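S.K.: Reproduced below are the annotations present in TrEMBL:
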- 5-101: domain 'Lactate/malate dehydrogenase N-terminal' (DOMAIN)
- Arg41, Arg47, Asn80, Arg111: substrate binding site (BINDING)
- Asn54, Val78, Gly79, Asn80: NAD(+) binding site (BINDING)
- 105-279: domain 'Lactate/malate dehydrogenase C-terminal' (DOMAIN)
- His136: active site, proton acceptor (ACT_SITE)
Amino acid sequence: MFVSSLQDCALPLLREVIPTDKVEVGFKDLDAAILVGSMPRKEGMERKDLLKANVAIFKTQGEALEKYAKKTVKVLVVGNPANTNCLIASKSAPSIPKENFSCLTRLDHNRARSQVAMRVGVPSDCVKNVIIWGNHSSTQYPDVHHAIVNNHGKEMSAFDAVNDESWLKGDFITTVQQRGAAVIKARKLSSAMSAAKAICDHMRDIWFGTPDGEWVSMGIYSTGNSYGVPNDLMYSFPVMIKNKTWKVVDGLAINDFSRGKMDGTAAELVDERDTALTFLGA
Ligand code: LMR
């Protein structure tokens with residue numbers, strides 16, 4: 001079914017589909033890896049149990065990348081908890097640069113863009129430079145303080161275009177934060193089409209770069225950033241990409257409102273990481 005769906009897309013780059021459950025086949029000489037499979041949370045399961053199961057999965061996949069993939073491989077982790085799974089995979093593949101690993105927050109980025117666009121009554125490509133900070137979880141911070149809206153031909157800040165600060169600082173944020181859970185509640189399954197579209201957006205931008213003057217959100221390895229985000233996390237930042245290399249957009253002003261939310265989601269990631277690391281050696 002999956003094989004035939006891929007064939008039916010008539011994708012010009014699709015040469016062959018090789019179904020396998022062997023890591024030495026699946027990970028051999030990879031240029032790109034999209035790690036979508038993880039253990040979903042089941043009823044009655046503690047967050048810790050979920051992390052333990054996923055550490056085992058992403059440790060195995062990281063080790064397989066280390067052993068079989070090209071050292072230039074670009075790895076995108078989608079399976080939740082995506083940020084911490086990505087960190088575990090990268091720690092399990094020490095000879096692959098940490099910069100080659102990222103996790104998906106483009107879905108949240110697209111959700112934020114679309115919410116603002118609908119509110120203003122413009123197409124979503126008239127909204128740019130939203131930011132998702134932090135974890136792909138309900139603590140993430142969708143930030144529109146630097147977003148620009150082309151409001152029927154006139155460029156303005158998102159705050160001016162929306163003209164409803166309490167919505168932007170309230171329901172807008174919670175809608176984006178809770179969107180994944182709302183989709184699961186409605187269809188008893190995770191988002192599918194929007195996630196697939198976000199994966200394509202993310203990978204296309206890694207390969208071909210971001211448009212001039214525009215950034216996108218990606219969960220990337222935090223090391224020595226100017227936003228006071230703790231090191232050694234996979235944290236979502238605004239990035240610009242050129243020549244398959246991302247760079248965090250530096251120097252954006254951060255007010256107290258944003259600071260609190262950025263720190264809150266970082267604290268959750270520190271906690272996830274510390275719990276996951278206790279399982280890594282086990
Ligand atoms: C989403 O954001 O739609 C998904 O990551 C939700 C989930 O937990 O699968």
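Quick reminder: no glycine exception, Cβ is built from N, Cα and C everywhere.
Given the structure is predicted, the values throughout are model-derived calculations rather than measurements.
Each of these features: where is it, how hidden is it, and who are its neighbours?
M.R.: Reduced to three states, the DSSP call for Asn80 (substrate binding site) is coil. Taking a C-beta cut-off of under 8 Å and a sequence gap of six or more, Asn80 (substrate binding site) has these contacts in its own chain: Ser38, Pro40, Arg41, Asn54, His136, Ser137.
The secondary structure of His136 (active site, proton acceptor), as reduced to three states from DSSP, is coil rather than helix or strand.
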S.K.: Taking only the binding-site residues Arg41, Asn54, Val78, Asn80, Arg111, which have a CB closer than 6 angstroms to any atom that belongs to ligand 1?
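M.R.: If the test is a Cβ under 6 Å from any atom of ligand 1, the answer is Asn80.
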S.K.: Other than Asn54, Val78, Gly79, Asn80 themselves, what residues in this chain have Cβ atoms within 8 Å of the centroid of the NAD(+) site's Cβ atoms?
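M.R.: Sorted by sequence, the hits are Leu35, Val36, Gly37, Ser38, Phe58, Val77, Pro81, Ala82, Asn85.
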S.K.: Note the mean pLDDT of the domain 'Lactate/malate dehydrogenase N-terminal' (5-101), expressed as a whole number.
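M.R.: On average, pLDDT over the domain 'Lactate/malate dehydrogenase N-terminal' (5-101) sits at 92.
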S.K.: Specify the secondary structure state of Arg41 (substrate binding site) as given by DSSP, simplified to three classes.
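M.R.: The three-state answer is coil.
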S.K.: Return only the integer: C-alpha distance in Å from Gly79 (NAD(+) binding site) to Arg111 (substrate binding site).
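M.R.: Just about 18 Å between their Cα atoms.
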S.K.: Output the one of Arg41, Arg111, His136 that, of all these recorded positions, has the highest number of other Cβ atoms within 10 Å of its Cβ.
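M.R.: Answer returned by the neighbour count: His136.
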